[in-house]
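Chemist: Quick one: the structure is below, and I'll ask about it shortly.
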Amino acid sequence: MSIGLLCCVAFSLLWASPVNAGVTQTPKFQVLKTGQSMTLQCAQDMNHNSMYWYRQDPGMGLRLIYYSASEGTTDKGEVPNGYNVSRLNKREFSLRLESAAPSQTSVYFCASSE
């Protein structure tokens, strides 16, 4: 690879603009003791109507916890027990673990769609 090409690539990366995040979940990582509660926040910047919370346990596929077809409405998914949700506006959909249990150790995903 020539020096000219290498410098061009480095320069292009320095001037790259940020990309829209789409869906943002916070916090990214969390460890809880049994019985503790916490809220996972999800925000989307794509003006989508529908939002979803999923969990993925080791060796399993995604399982729907709750979903919302529009702001102010929520419906239970496949595994809603132990969770509550809130969708006060089009952009945000929060998931609350009321009392953490070892069975809730999982990877959590938020998604949105038209």
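Including glycine, each Cβ sits where the backbone N, Cα and C put it.
Checked Swiss-Prot, it gives:
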type	residues	note
SIGNAL	1-21	signal peptide
DOMAIN	22-114	domain 'Ig-like'
DISULFID	Cys42-Cys110	disulfide bond
CARBOHYD	Asn84	N-linked glycosylation site
Chemist: Could you state the CA-to-CA distance between the residue listed as 'N-linked glycosylation site' and Cys42 (disulfide bond) to the nearest Å?
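Modeler: Cα-Cα distance, the residue listed as 'N-linked glycosylation site' to Cys42 (disulfide bond): 14 Å.
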Chemist: Below 8 Å Cβ to Cβ and six or more residues apart, same chain only. Which residues does that give for Cys42 (disulfide bond)?
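Modeler: Cys42 (disulfide bond) has long-range Cβ partners Val23, Thr24, Gln25, Met51, Trp53, Glu92, Phe93, Ser94, Leu95, Cys110.
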Chemist: Note the mean pLDDT of the domain 'Ig-like' (22-114), expressed as a whole number.
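Modeler: When the pLDDT values over the domain 'Ig-like' (22-114) are averaged, the result is 96.
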